[in-house]
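Copied over from Swiss-Prot:
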ACT_SITE  75  active site
ACT_SITE  119  active site
BINDING   55, 57, 59, 76  Ca(2+) binding site
DISULFID  38-98  disulfide bond
DISULFID  54-144  disulfide bond
DISULFID  56-72  disulfide bond
DISULFID  71-125  disulfide bond
DISULFID  78-118  disulfide bond
DISULFID  87-111  disulfide bond
DISULFID  105-116  disulfide bond
SIGNAL    1-21  signal peptide
């Protein structure tokens, strides 16, 4: 084998090893986004919920700042229960539809049903809860104790 071929092979192996350490992206995040859009009839973009209060977005701690933030805490807790059942909620794909009455789930497995129900409950909660701009992108180190 030529030295150049060995270098290419080595580079491919190293890049594959590095890629294996990258955690997978949440696959159902897109589905959750669509459920939110369906529930609130497009009145607020889904990304507005990604960094809201103490629980909407990555992580979560302290006391929820308002009703909308409580929706996110309940959603986090629901995912925690799904994990206890042996499900992987951030990776679980499910079937859902956006009907005239809003979103609904149509899934087959227990994990799909449970995770879709978690997302559906949160999406409907978001739709009925007031959005307070002052709770977007807050300093969680100070307000979420």
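Any Cβ shown, glycine's included, is placed from N, Cα and C.
Since the structure is predicted, the reported quantities are computational estimates derived from the model, not experimental observations.
Within 8 A of the CB centroid of the Ca(2+) site residues 55, 57, 59, 76, the other residues of that chain are 54, 56, 58, 60, 61, 72, 73.
Cα of residue 57 (Ca(2+) binding site) to Cα of residue 125 (disulfide bond): a distance of 15 Å.
Non-local contacts of residue 76 (Ca(2+) binding site) by the CB criterion (under 8 A, 6+ apart in sequence, same chain) comprise 55, 60.
Among the disulfide-bonded residues listed (38, 87, 105, 118, 144), 118 has its Cα nearest to the Cα of residue 72 (disulfide bond). Geometry remark: residue 59 (Ca(2+) binding site) versus residue 144 (disulfide bond), CA distance 11 Å. Cα of residue 87 (disulfide bond) to Cα of residue 125 (disulfide bond): a distance of 23 Å. Across the structure, residue 144 (disulfide bond) and residue 105 (disulfide bond) place their CA atoms 33 angstrom apart. Taking CA atoms as the reference points, residue 71 (disulfide bond) and residue 105 (disulfide bond) are 19 Å apart.
Spatial neighbours are here defined as Cα atoms within 10 angstroms of one another, and by that definition the neighbours of residue 75 (active site) among the recorded positions 54, 56, 98, 105, 111, 119 are 56, 119.
Between the CA atoms of residue 56 (disulfide bond) and residue 78 (disulfide bond) there is a gap of 13 Å.
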